[in-house]
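Colleague: Just dropping this structure here.
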Amino acid sequence: MSNIELAFFMMAVLLILMSIRIPIALAMLVCGGIGYSLIGGIPALLEYLGTAPVSKFSSYDLSVVPLFLLMGELATRSGITAELFKTCNTWIGRQRGGIAMAAIAGCAAFGAICGSSLATASTMGKVALPEMKRLKYSGALAAGSLAAGGTLGILIPPSMVLIIFAVLTEQNISKMFIAAFVPGFLAAGGYILAIAIYVRIYPESGPRGEKTTLAQKIKSTKDVWHITGIFLVVLGGIYMGIFTPTEAASVGVILTAILAFTHGKMRLDGLLVCLMRTAVSAAMIFFIVLGADLFSVFIALSRLPDLGVELIQNSGLSAYTILVLMLLTYLVMGCFLDSLAMILLTIPIYFPIVIAMDFGIPPVDLGIWFGILALIVVEVGLITPPVGMNVFIIKSFDDSLKLKECFKGVIPFLISDFVRVALLILFPGITLGLVHLIS
Amino acid sequence: MIRFTTDIQRSILGRLSNIFALTGGFIMLILAAVTVASIIGRTTMGQSIEGDYEITEMGLAMAVFLFLPECYLRKGHVIVDLFTSACKPSTLHTLEVISNIIFTLVSFTFAYRMSLSGFEAYDYLEQSMLLELPTWWTFIVGVICMSLCGLCGLYRLFTTFRGGNNE
Amino acid sequence: APEYTFKLHHMLPPMSMAHSQFLVPWAEKVEAESNGRIKIDVYPSMQLGGKPPQLFDQTRKGIVDLSWTVAGYTPGRFPKMTAFELPFVPGSAKATSMALQEYAEAEMQDEMKDVHVIALHTHAPGSFHSRNKVIKKLEDLKGMKVRAPNKIMSGGFSNVGANTVFLPVPQMPSALSKGVIDVAVLPFEVVLPLKIHELVKHHTQFKGAGLYTNTFIFSMNNKSYNSLPADLKKVIDDNSSIPLAGHIGEKFDSYEGYARKFAVDRGNSFDYIEGAEHARWVKAMAPVTKKWVEDMNDDGYDGQRLLDKTRALIKKYENR
Ligand code: NA
Ligand code: NA
């Protein structure tokens, strides 16, 4: 068996292992490990296993994951975010699917301070899922909107994946962030539209809430000044240069903790529960990071990506066809790999090809445009079956949710994603306009 | 399943995992506080905490290791139940035993290899750039936590084979 | 088919100068000179796993056959090499690299015994890149938030009243654009890929001895090297040592000029520290060097002799 064949074979084995309830991280470790040892030798694999956990886990960039998880736990447990949702409910709860729309808006707001999809999905999921359940929303709509809303965490800057992309391709990170803004808010808008259409077709999935008076609306808005305050401090701090987006996670945790103890109902035992729940979610994510790393190292060793490049270059296809094919490979890979692993593995290979192709866009802009497209498609992988990390996270909050139901609920948002990707490919100006305007 | 889970949660391994997870959680809180102190320091007194991000990296690694056993005990690891929802309980039981065996093997392999790498990190004075924090500290935490993961896996297998009522 | 296939692992992206201008060409040259008997697969961006500080050990242990990395990532491992990282030691990358390779062959056999050294080298001396305030003299640095390139230099900047902020390299552009730091200290070769020149307005360079440099290790696993027959070992040897160090240094020097031009084209301001002002900087940073000599003496080395040798070697190659 050639190394390339081995790569395809192990991908198949990985799918089989995952589908028979082997935890995903374990399946990736096993398949990646076997593949690695067959190409690189067992001693090399053993050396890798000795050092990989420490080196993967001591990552400054990833420190935001447990911090934002903890922030979400604190806000949820102390009742702070529930108040926020109550406010949203008084304003748009009367609307069919209103709370789902509010959750999308909440995800977008949270995404503007958090660079990770998984953290956004967990935080908002923890807050909004019980609320939606209480208001008799269908599991599919609730899980779908929260899983999709979570992707706004990397779509709306700051974004961990964008940072990695910019570093790999030597792009200006600030420009990338500016470029991501319009597509990010388009995404939020598209999701809200998707909900509106969905509840028109299935009215029972997002029932109307109670009627509220203007006085109630204003009163409930006064209740959420503190969390709005934290949001403004974090956002203002980032944009005024007081701290970096990575540091913002720490600021958010400390402020939320103070607020939870002084204003909310947090006590020491509540804090312990928060820490415990953070521990479980964080361990789950980091174990996958570890598994995905070994698997992507194996794929790199097999030189499968290089073969892909050769095939593309000799194919004689048009630039747009190749671009779409590349983006499609992300959807396929989204079944096996996490978003960071996908970017790390493919960008070094795809980027030089894309830059060499002619789209009638100058190279500088081309890099930004492709980066945003890749970001979106990678993010779509977080909600597509069989492995959709965001969906798993939402599902883990509620045992009564069935995975099938969750993935069904994701479909309207996927359609919205595909429409948006098509728009961004056809009209690069949507992505690049703001960049040109500002710089 | 509930009785079984309660067993391991109440065992000494379960308590250790609890304590570990909480310790990791407090480490994260401390890291956040250090970062905030560093930000306050540099905006008010013009001096940030030297190597605050190195502290973050090392602390994060330790915290994540400390989180791992608890995640396993609470069945926090993501599985795909898309294709097995129609399976018989006995089939699911077998599949769970398989995944527990793999988990145990993987954990002990990590613990074993990390202990060797940890010794090497010690011998070669591996340390962080600014504060020169020795990396073998992280390895020690990692080896202990991976070993605990492996022991929890063994415990679960052991009770299963002794007829623990699983599912 | 090739008789020997080797893996060369490094941390920079494929678009980087290091990858495209000397690592891949080096691999291709070795392949060609061995008539295709040696094949070298280059893996950029840490594709084979681990973090940059582990590259040296990956080579030592044979996880990869070759690697290229920054020596400063593994502090304490190569104490004698740090003489080249002291302030106002480096000259051009070419001269400093050749000096380093000669120095290492004479002085560092013990530190390098675990690998087969292909070449040690340095980058071109770094300079200041400041956001709002021009740096013309020593006092200008006072109170500015400076991201120092390494521990030695951060000590030096603290001595002159700068606030040193510590951030990983990838965090630098956003920190700079938001004003979390005022000054980045880097060679232009790093400024260009991170697009620092688009975030700052002013650059300050040093004429004469350079402000600082970093040292790099390009090495091969001992077993991999020894597995080769004599004629193929010769192919590797022909592409190693002082000539290669000089060649890589030259690449860094010319790329420095190329990268700097982007900042010039943007209309950024350029200032130079030379003559009497340069001497003041050297004096202000002298305590750092003094402390280094003392620390080396404490560890049982002759610090002053190593420093003098370093300076003499750089001078020798600089005057060629
Ligand atoms: Na974000
Ligand atoms: Na997916």
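Note: Cβ is positioned from N, Cα and C throughout, glycine not excepted.
TrEMBL annotations: computationally assigned, not manually curated.
Sharing the features that TrEMBL gives for it:
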- A:12-39: transmembrane segment (TRANSMEM)
- A:12-430: domain 'TRAP C4-dicarboxylate transport system permease DctM subunit' (DOMAIN)
- A:99-119: transmembrane segment (TRANSMEM)
- A:140-168: transmembrane segment (TRANSMEM)
- A:180-203: transmembrane segment (TRANSMEM)
- A:248-266: transmembrane segment (TRANSMEM)
- A:278-299: transmembrane segment (TRANSMEM)
- A:311-333: transmembrane segment (TRANSMEM)
- A:340-361: transmembrane segment (TRANSMEM)
- A:367-393: transmembrane segment (TRANSMEM)
- A:414-438: transmembrane segment (TRANSMEM)
Colleague: May I ask you to check whether the transmembrane segment (A:367-393) and the transmembrane segment (A:140-168) make contact, with contact taken as at least three Cβ pairs under 8 Å and only pairs 6 or more apart in sequence counted?
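Modeller: Counting Cβ pairs under 8 Å, at least 3, so yes.
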Colleague: On the 0 to 100 pLDDT scale, where does the domain 'TRAP C4-dicarboxylate transport system permease DctM subunit' (A:12-430) sit on average?
Modeller: 85
Colleague: Residue list, the transmembrane segment (A:140-168) vs rest of chain: Cβ under 8 Å, 6 or more residues beyond ends.
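Modeller: Long-range Cβ neighbours of the transmembrane segment (A:140-168): 61-62, 64, 97, 100, 103-104, 106-108, 110-122, 124-125, 128-129, 132-133, 176-178, 180-181, 183-185, 187-188, 191, 194-195, 198-199, 202, 205-206, 238, 245, 248, 339-340, 343-344, 347-348, 351, 371, 374-376, 378-380, 382-383, 388, 390-391, 393-395, 401, 405-406, 408-414, 416-417.
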Colleague: List, by number or range, the same-chain residues at least 6 past the transmembrane segment (A:278-299) whose CB is under 8 A from its CB atoms?
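Modeller: Distant Cβ neighbours of the transmembrane segment (A:278-299) are 7, 10, 14, 23-29, 31-33, 35-36, 39, 48, 52-53, 56-57, 62, 65-66, 69-70, 73, 118, 122, 305, 336-338, 340-341, 344-345, 389, 393, 396.
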Colleague: Near the transmembrane segment (A:414-438), which same-chain residues lie under 8 Å Cβ to Cβ, leaving out any that are not at least 6 residues past its ends?
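Modeller: Same-chain contacts beyond the ends: 148, 175, 178-179, 181-183, 186-187, 190-191, 193-194, 320, 323-324, 327, 359, 361, 365, 368-369, 372-373, 376-377, 380, 383-384.
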Colleague: Using a Cβ-Cβ cut-off of under 8 Å, list the residues of the same chain that are 6+ residues beyond the ends of the transmembrane segment (A:99-119) and lie near it.
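Modeller: Non-local partners: 64-65, 68-69, 72, 84-85, 88-89, 91-93, 127-128, 131-132, 135, 137, 141-142, 145-146, 148-160, 163, 184-185, 188, 191-192, 195-196, 199, 206, 209, 231, 234-235, 238, 245-246, 248-249, 252, 285, 339, 379, 382, 389-390, 393.
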Colleague: Cβ under 8 Å, sequence separation of at least 6 from the ends of the transmembrane segment (A:180-203): give me the contacting residues as numbers and ranges.
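Modeller: For the transmembrane segment (A:180-203), the sequence-distant neighbours (Cβ-Cβ under 8 Å, at least 6 residues beyond its ends) are 96-97, 100-101, 104-105, 107-108, 111, 138, 141, 145, 148-149, 151-152, 155-157, 159, 162, 372, 375-376, 412-413, 415-417, 419-420, 423-424, 430-431, 433-434.
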